[in-house]
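Undergrad: Below you will find the structure I want to go over with you.
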């Protein structure tokens, strides 16, 4: 079948320029609105008039409710830090008091080392929770009837995505509620897509030149810097005051420009404005935590308070003048988004985060694509640290203390995978080989258990509180915790590869191409038996570490649990039960990618268009609620395991308080 011609594209696309009605314009200084806001109109386009002239607050939660929740979380976070420090300090004092006994059990030193690193990680991550959430005013919609309404260019970099995907992104960008003569769409094609070129040529005629198609020349042996180089090449042809960075699959809400521009034009300190990502192909229950609720709904709003909310690669609007100050998008890292953001902050500029889902796109369709995407981000973070650590952490850095912590943690987060593996490996050996984990007297160990129980209970209560008032909070809390554990092997492998075989550049494969190759491998044209074996081998290879951990840990748990209760030793029973609860929980988290790989979600790329809604002109549309993950009862077992752990440590705390030396309990165990 021959590809469609330019005339075919022109017939398939119907575009109607938007007429801007003066009656619906909203000035920054006078936010009146005559729109009749009923259920058929998107609420983001309906700005109800205020009772007074003070601007509404950006978040929908009332300020008093936000303040109460922030105070509660701050108290709990600080209390949890104190409890963790108290536990680690008391444990260190016991080991210091019994150095000979400690040295005979080197695994205790390893565990102590892990716990100290976890404490440092807790301190670094606590910064995000102790910063009050942004109370940024809602500046309404930009008044586009003014003479000085700014010009905007929208960059849509493409690289071998299915042609219909960037086409729909272009259609949505052309349908933005903004004067048609002030916005252009730049299609930056690095994939050599002739069909996409034909579409752009056709739509360019329809829209009087508002679409610019650019295909750059890539000389062999000359670094082309992937997406970053593609966008920098686009800057050569752009002269707008503001530039929007998009992904090829992201669809903008009609109000995007008028909603974001007030926050960047109102302050010369602002270098870019960012919005969260949302996805319309999320599997039910979001098992892989694609939507990253903690980051978009909790962490970035807090960082916005300091003007340091990160750029997440799409949906970001940049002030062109400040991009020129730093030489354009920064190519030193394959994650040019965060690299550019930190470079701008290091020049003294700020950023703004608007917590409204004004874009929606595609998350990777396959597990392989998801892992490649996340490990690419990790490699980019390591590459960024190597390229800019001196500039961002040195004496001449303009980053403040908090920004330097965030910069360090941006890369350091991935190395927590080393600690996870070291901790789990040591504890698993201790359980399997009955290694003694106690040092000192019975009274000292009872006190240590009390400190540990208080810390773990405080951590759990704090973790619960952080997820209050968040969409699908219970489900996404469990998804976030699961992700912390099951992503560990992939991050560890990525970190080792980056450290051992560091290269100035990394091989970059677009996520859409990874998805395409994975799908092709699963539908191989070989015989049925050979095809099944190849598919099975590929599936096992993707989750081999998880399968090994689950099988080994469950075997050890069953082996020790079957014999511990017959020993009559309360200390051993407590140790076996406590570690068994831990390994069963972690094992359940590790099963998520296994289940995902062998029983993938029902959504397929061929169903993509059915997941969207279209208006009469064929422009894709969405509401903010479309990006909220759908509830899945599959999360209930994880919640049950959480409460089992909570009850266990609560019982342990009660026992050591009531009977510090364990005499009563020990007599019952022997009985």
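Glycine residues also receive a Cβ, built from the backbone N, Cα and C atoms like all the rest.
Note: TrEMBL annotation is automatic and uncurated.
What you see is a predicted model, and the numbers here were worked out from it, not measured in a lab.
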Undergrad: With TrEMBL as the source, which of 46-66, 67-87, 130-150, 151-171 is set down as transmembrane segment?
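TA: In TrEMBL, the transmembrane segment feature sits at 67-87.
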Undergrad: Which range, 413-433, 476-496, 497-517, does TrEMBL list as transmembrane segment?
TA: 413-433
Undergrad: Under TrEMBL, the annotation transmembrane segment belongs to which of these stretches: 545-567, 614-636?
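TA: Residues 545-567 are the ones TrEMBL records as transmembrane segment.
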Undergrad: Among 67-87, 107-127, 413-433, 545-567, 573-599, which stretch has the highest count of C-beta pairs below 8 Å with the transmembrane segment (453-470)?
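TA: The listed stretch sharing the most Cβ pairs with the transmembrane segment (453-470) is 67-87.
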Undergrad: I need to check the long-range neighbours of the transmembrane segment (573-599): which residues 6 or more away from its ends have a CB within less than 8 Å of a CB in the stretch?
TA: 287-288, 367, 424, 427-428, 430-431, 437, 449, 481-482, 484-486, 539, 542-543, 546-547, 549-550, 553-554, 556-557, 560-561, 564-565, 567, 637-638, 641-642, 644-645, 648, 652, 669
Undergrad: Other than its close neighbours in sequence, what residues sit by the transmembrane segment (67-87), given a CB gap under 8 Å and a spacing of at least six beyond its ends?
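TA: That would be 61, 115, 118-119, 122-123, 126, 129-130, 132-133, 448, 451-452, 454-455, 458-459, 461-462, 465-466, 468-469.
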